[in-house]
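Annotation comment: TrEMBL describes 8-25 as compositional bias 'Polar residues'. Annotation comment: TrEMBL describes 160-180 as compositional bias 'Low complexity'. The annotation domain 'ALOG' is assigned in TrEMBL to 28-155. Feature annotation from TrEMBL assigns region 'Disordered' to 1-31, 152-192.
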Amino acid sequence: MDSASDAGPSSTTTAPQAEGSSSAPLSRYESQKRRDWNTFLQYLRNHKPPLTLARCSGAHVIEFMKYLDQFGKTKVHIVGCSYFGHPNPPAPCACPLKQAWGSLDALIGRLRAAYEENGGHPESNPFGARAVRIYLREVREGQAKARGIPYEKKKRKRSTVTVSAVSSSGGGEVSVANGNDDGGDYTAMGGEAGSSSLTSITTTTHVTTTNL
């Protein structure tokens, strides 16, 4: 996934300073969230006609994301471009720069939290609107095709576990060998070994990991 690093107007917005010199400094996430929130409020004030936060809807949030595309740094090839779907184009082209999907997704997450922290109700949160989620999904799928970025599920991981048991009248030894690359051998000792019979059991397990 793309890093949420595309530049926008928020990079030039000065966040208000915390009152009191003894206040703990804000984390990077909190500072960015405050800048994003101030930028969005400024966007509403400059909107024609001006908008209030109470009247803001998911459609206005989508307009805001499209407005931010002019500050993007991610090349997104158009359908007619010869590099459409090419992950590493060998030469520059005239296709526009836009905000990367990862940048927009992270931005909306911060603004959704900021809206509720500033007194907004979760049920009326425009950043959590269904239309916004659909738009983000369309941006992700469109950029994946245009830039040749695969979004695939992780491959299945197969591991083999071998269990060898040695039984005797005085105790026994049990060893487990893990077939994974990051595994190892684990042995539990259980008394002295006398005359014994060896039993070997080999099992193969299939572990399926799902990309959430």
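Even glycines carry a Cβ here, placed using N, Cα and C.
Just so you know, TrEMBL annotations never went through curation; they're auto-generated.
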Grouping DSSP H, G, I as helix and E, B as strand, the residues of the domain 'ALOG' (28-155) number 77 helix, 4 strand, 47 coil
Over the domain 'ALOG' (28-155) the mean pLDDT stands at 92
